[in-house]
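This report refers to the structure that appears directly beneath it.
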Amino acid sequence: MKLLLVEDNELLVKELTKQLKAAGYVTDVAASAMDADYLLKESPYDCVILDIGLPDGNGLELLQHWRQQEIATPVIMLTARSQWHEKVEGFNAGADDYLGKPFHTQELLARLQAVISRSNGRALSPSKQLSFGGITLDESEQTVEVGEQRFELTAMEFRLLRIFLLSPKKLLSKNQLSDKLYQFDDEKESNVVEVYVTHLRKKLGKSAIETRRGQGYIFHGLE
Amino acid sequence: MMSIRLKLTIWLTSLVLISSLVSLIYMESMLRQAFHDSIIDRLHEDISEVELVTHLNNGEISIQTQELSGFYKPAYSGRYYQLNAGELELRSRSLWDQHLDVAKLEAGETRVWQAKGPKKHDIQLLSLGIPYDNGVATLTVAQDLSIGRKVFREVYGSKLLGNLAMLIAMIVGIFIILHSSFKPIAGVKQALAKLRQGEASSLDIEQMPAEIKPLAETYNGLLEYTSVQIQRSRNNLGNLSHGLKTPLAVMRQQVEVLGLKDPETAQVLEQQLQQIHNMIERKLATARATGDMLPAAQMVVPRDIDALRNTLCKVYHYKQVQVKYDIAPQITRLPMHREDGMELLGNLLDNAFKWTESQVLLRIWRQQQQLMLTVEDDGPGVAEADLHKLTRRGKRLDEEVAGHGLGLSIVKDIAEQYQLEIAFDRSPALGGLRIMLTHTSSNA
């Protein structure tokens, strides 16, 4: 799960990336509107966290620009401008959610989860857990329930399983998966997806993830 | 104060009335005098004519009537003469059986007077004392005034009618002139009304008469100045609060991290941060609520409410909420700055969305001179005992009634700035909480 955090306050960025990482997100940071625009057009993100007051421009205008270019990546506005008329402007510009500063990290994480599942066409279950075909992911605990059993997940396993749960029954290429697992400037190891798919199969059962040779993987759950 | 137009109307009309009246009275007396003078002149001519044919010498007294004008012949013709010499009295035929009462005069003396003559008509008389053998004879000529008067009345009456017509024309003229010269004032009134309703942001100077132009220009200048000032202080306050919130966000992050090691300290700090945050939100909302503002910046209904509803539906995407409006069609604006109105209604609707099962009702209408606004929901509502706590002034709502926190505090603060009365009760239609705002407008 890959995020783009557009925020120019270094301290805030430092702490927030740590917490986002702990929650299983890969986060790229852009400290200016220009960087953000470049990064978003270069690689796929599952969600953008966007500040309004940027050193080289206005976040709202940037968002409008993206929406005009039909870039549909979900965007959460994270801004000090939290009056209602500003929220109205934010949503009108194409934001998917709006959170005022100062904020609780838990609140941001909950909204990220909701926005990302919605953008994948998957409304969250009432318990706000991702679930498909008898496999349920607990995002706060980073564990998985397979029928009656519960397994701990490593950070990478968790990230990979979440990607699968958000797009079940869909063919996902190795590149698509590794893009979402790594930060923009990380060195990508070629076989890492295969390694973690193998790990997941041990916990979920062999048939949960189908391999299409030369194409990628399809997640089936326990069916 | 009496309006200038009414004052001018009264003054001009009475001036015209008085001057016409005076001129009529003066004219009448002039005419009457002239008429009188012409009759006297005429009598003087008559008397010299009669005197010429009168013979008073050597005991013989006679008047050569055939030498005189035929007017003296028909009975009661209106022109008469009479000669009194001692016991003798010679009368014109026209006097018929009547006789004029004539006082005796000295030689060369004349007398002019009026009396009742034949047929009881007023007559004008002129007598002259003429000396003869052994005494003074009195020759008198007279003229019936009734014919002349009749003519005079006709002439004067037609003049009076003419004057009356003129007078009416003048008064109508005054009304028309005043009306047309005060038309620009009506234009100014309309321009002001437009301004008030927010259809214009300044007075249209081109349309103003020269007398009012400087006033309008000053007004426009003042309007611009205040709106710039208000905008400036709004921006400054906005910048201040935004500037404070990012460091606050950093602090809260740090406190959350600290919470893993030292939960007690973190909790204390967290509470303080929360208080600072609430303070900023509340003070920002109220300090920006300037009360008076350019009407063009007012909240437009239902456009702005639609925008709020759409936003709230996105914020509460996991709920299926139906928002119904019941807004009186003649209400197109709320008398508050758009940003304040959005903040007020945003928080009211947010509160309703938070508690509702599925229905929210917003009503705006005018009752007598009051603007009324209610927001109702079908949620659990607030217990009777807690309702009055919501209404209490100066209390922090988040301390009082759980769940109706900062948002309603901001609503109360803004309401106070705009002198809106706020009341809470149970919604008769939906069963949840009903919040009612009343605005007693002075210029509705």
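Backbone N, Cα and C atoms are what each Cβ position is placed from, and that goes for glycine too.
Curation does not apply to TrEMBL; its annotations are automatic.
Marked as domain 'Response regulatory' by TrEMBL: A:2-116. The annotation 4-aspartylphosphate is assigned in TrEMBL to A:Asp51. The annotation domain 'OmpR/PhoB-type' is assigned in TrEMBL to A:127-221. Taken from TrEMBL, the feature DNA-binding region covers A:127-221.
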Residue counts (helix, strand, coil, in that order) that DSSP gives for the domain 'OmpR/PhoB-type' (A:127-221):
36 helix, 25 strand, 34 coil
Protein Cβ atoms within 10 Å of A:Asp51 (4-aspartylphosphate), excluding its own:
26
Please count the residues of the domain 'Response regulatory' (A:2-116) that DSSP assigns to helix (H, G, I), strand (E, B) and coil.
55 helix, 27 strand, 33 coil
Overall pLDDT for the domain 'OmpR/PhoB-type' (A:127-221), taken as the rounded mean:
84
